[in-house]
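Colleague: Structure provided below as structure tokens; questions to follow.
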Amino acid sequence: MAGGAAAPLAPIVRRKETRALTSPILDREVPAVATAVPSAAATPPRPRRTGRRTQASYRLAPVLYTVVVVVLFALFFLWPGALGVFYSFTDYRGVGSPDLIGISNYQELLADPDFWASLGRTALYTLLSVPLGYVLSLGLASLLVNANARGSVPAKIIFFIPWLVSPIVTGVIWRWMFGENFGFINFVIEAAGGSAVPWSSNGDLSLAVVVFASAWGGAAFNMLLFIAAIKNVPSSYYEAAALDGANPWQRFVHITLPGIAPTSFLVILLSTINSMKEFAMIQALNEGGPGTQNRLIVQYIYETGFERAEVGYASAASMVLMVLLLAIALVQLGFERRKKDAS
């Protein structure tokens, strides 16, 4: 108030203004619009609380995901594995009730020359296909990893196509190419004046075709792994080596190979396991021929269990193969661990 002591401010409360306003246009009083005056003592709005259902869903989501994985693992791995172990101690032939016969299947298996022949051929096939696939995939990755290379992207797509083809189709393609009577390769050789090559009737040539077909089909995926690994090696290492006068081969041996060692271990491990259990591609290509000379262990199990209906005996062979694969994986893991500890 003018000329007097200021009166204490009254608390501001929410009320409606009722004073009239004079309109210069209408020359009459108009009621003021009712407005709400906020109160200084008003409580600030509280933050929204997360509902109990939302919190419960957050807690239950990991449990549900874990349960799904465990159920699928038990349904498609543990249960068939346990059933195979049980059948390996029985004389089950696919019908009727199985009778327990102890370790007779294993004793017969260890005395079966066909089993050892197929196991030896599998080992030979693995020793040939794994190094070839490793060199092929690493070589392709090294050529394509340069971003400035012309046509690198189309080349990556072309080289990845074999991985998209099923193993059965891969076997059919290579059978069409290397058929002894109507194969494309022999057609070209004969057209050039040469004689047909016995790709199917010669055991060593037949195995060579299988090895190259396996390397062709599996190199694409390994190539992508190597490309990613090579790109993760710091470029400063290569620049420093180039300044020191290292040539491309020296940079590859002393920088690239050590830098991609974990990926190399993974590729070798997966390639070894896949080669040991190879079936579909070889079955479509030459069925382990000529005869049974190139029959691998999985083909032996298939013929025993499905063609001869000796399910118990085939289950025993499957258990032996599983133990071998686990032993190979453990040996490779132990070797890699000792290598890391030494470095």
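From the backbone N, Cα and C atoms, a Cβ is placed for every residue, glycine too.
What TrEMBL shows for this protein is this:
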- 56-79: transmembrane segment (TRANSMEM)
- 119-332: domain 'ABC transmembrane type-1' (DOMAIN)
- 123-145: transmembrane segment (TRANSMEM)
- 157-177: transmembrane segment (TRANSMEM)
- 205-230: transmembrane segment (TRANSMEM)
- 251-273: transmembrane segment (TRANSMEM)
- 313-335: transmembrane segment (TRANSMEM)
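Can you tell me where each of these features sits in the structure?
Modeller: If one looks beyond the transmembrane segment (56-79) by at least 6 residues along the same chain, no residue has a Cβ coming under 8 Å of a Cβ in the stretch.
The list of residues near the transmembrane segment (157-177) in space but at least 6 beyond its ends in sequence, with Cβ under 8 angstroms from a Cβ of it, reads 140, 144, 183-185, 209, 212-213, 216-221, 223-224, 280-286.
Under 8 Å from some Cβ of the transmembrane segment (205-230) lie the Cβ atoms of residues 121, 124-125, 128-129, 132-134, 136-138, 140-142, 144-145, 156, 159-165, 167, 170-171, 174, 178, 197-199, 256, 259-260, 262-263, 266-267, 271, 274-275, 278, 281-282, 285-286, 289-290, 293-294, all in the same chain and six or more residues away from its ends.
With a threshold of 8 Å between CB atoms, the same-chain residues lying at least 6 positions outside the transmembrane segment (251-273) that come near it are 126, 129-130, 133-134, 137-138, 142, 218, 222, 225-226, 228-230, 232-233, 237-238, 241-242, 325, 328-329, 332-333, 336, 339.
Counting same-chain residues at least six beyond the ends of the transmembrane segment (313-335), those with a Cβ under 8 angstroms from any Cβ of the stretch are 81, 84-85, 87-88, 92, 105-106, 108-109, 115, 265, 268-269, 272-273, 276-277, 297-298, 300-302, 304-306.
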